[in-house]
Amino acid sequence: MSSRTPPPAPRPPRDGGAHASAIDVRPPRANELEAWAAATATAFGAAVDPDELPHFRGYLDPSRNLAAYDGTTPVATVAAASFALSVPGGELPAAGVTEVGVSPAYRRRGILTALMRRQLDDVRAWGEPLAVLQATEAEIYGRYGYGLGTVAASVDAHGVRVPGEDGGRIRLVGHDEALALLPRVYDRVRDVTPGFHSRTRGWWEHKTLPDEEGYRGGGGPLQRAVIERDGRPEAYALYRIENASPDGYPDGVLHLQEEMACSPAACRQLWRYLLAMDLVGRVRAPHVAPDHPLLLLASEPARLRMRVKDGLFVRLVDVPAALAGRRYALDGVLTLEVEDGFCAWNAGRWRLEVRDGQAGVTPAGDAPADLRLAVADLATVYLGGFTFLDLERAGRVESLTPGAIERATAIFRGERAPFSPEDY
Ligand SMILES: CC(C)(COP(=O)(O)OP(=O)(O)OC[C@H]1O[C@@H](n2cnc3c(N)ncnc32)[C@H](O)[C@@H]1OP(=O)(O)O)[C@@H](O)C(=O)NCCC(=O)NCCS
């Protein structure tokens, strides 16, 4: 049996406490949306980007936004996009937490905790068993039960190429054609990869494909390259070129926003295309899968300068619904004792009985547990990116019956590493 490094001391749920007593947490009204967006910008030391405002409404449902008001002034914000997240063998409704910010003049008074309290209660009431987010500062979210569920990587490639022959046809397409073709590739990759959002047309239009000046970050207009084979889209890349000639020689940067391929041949061709771009010295991709086939395709993998970073943080808002909503690699029975100081409805022992890959999850009462762990650590193994053995090596799970770690690892094992291509 293994022992466990205790997680950070559980803190009692706070509702904002005395410091935040004058603060009112509620969704913004229809006529308060601009002020809501301005409050988010203020938290990041920025101004509202006028290009961005109309897009907010396209991928965020304002009734799911929240703000903390001091009187009528919004001083902190959070939003929850709505989609289905792909999980091993299926998908589940999920809330995508974003636009988290507290005005510098109101920090360290419990306002974020008050927003997280209200938001997780809302997500539960909406019947979404999962919440996910990408953290600018990851340290903040463990106390609310979020655990690292996927890993991502950045690439800064120069002096590297992909050898081989090309087959399919590459076309640069316009916005409307991209809207029609790209989802066909994305959805096929999503079908086999946990961690992907379902993207509505609104999400494509207002989150993935916008191209106003404010979105360019020093690069040129958005380029939308599509590879077709046998008349159907097989891969795409969204990128911008930043032209530069520092010493009189062209040495531009290709900034890759997103790429997706649903066949090995299309993947190879796409990267041959990107890495061989004329007048470009480097290809920078801030957000790719850390097990990307590029590592095996590249002539010099080290020259990809790949760096691993955190990806999606996952919160099991409804533990039994989340556990029952994914499929498992092996049949068996496990009793998990889950600690959850922030969402007390999850705390306790849960019996997971897997038959034909499908789990029934029921309260286990006082029955002895096989494993004890915090809800954030259960979230870490949920999508299959980490295993119970990984948790054990990090001192994050307590084994209460012999062999439980190995059994749980075999039951939860995923076929493919999860990845989230979203970067928000
Ligand atoms: C990070 C931020 C949202 C925190 O808001 P806040 O209202 O000050 O947070 P709270 O007072 O509710 O603090 C909640 C807890 O988080 C801790 N915390 C707050 N900010 C933190 C930070 N930047 N790093 C580490 N811990 C932090 C607090 O100490 C507190 O801990 P406790 O539970 O042990 O008491 C706010 O500082 C902010 O808007 N920062 C700039 C924008 C940003 O970073 N957004 C996050 C994007 S992921």
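Using the three backbone atoms N, Cα and C, a Cβ is placed for every residue, glycine included.
Curation does not apply to TrEMBL; its annotations are automatic.
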Kindly point out the range from 1-25, 51-75 that TrEMBL annotates with region 'Disordered'.
1-25
How many Å lie between the Cα of THR113 (acetyl-CoA binding site) and the Cα of TYR141 (active site, proton donor)?
10
If the criterion is a C-beta within less than 6 angstroms of any ligand 1 atom, which of the recorded positions VAL100, VAL102, TYR141 pass it? List them in sequence order.
VAL100, VAL102
Maximum Cα-Cα separation (Å), residues VAL100, GLY101, VAL102, ARG108, ARG109, GLY110, ILE111, LEU112, THR113, THR136, GLU137 listed as binding acetyl-CoA
20
Across the domain 'N-acetyltransferase' (23-188), average pLDDT on the 0 to 100 scale
95
As a whole number of Å, the Cα atom of VAL100 (acetyl-CoA binding site) is distant from the Cα atom of TYR141 (active site, proton donor) by 11
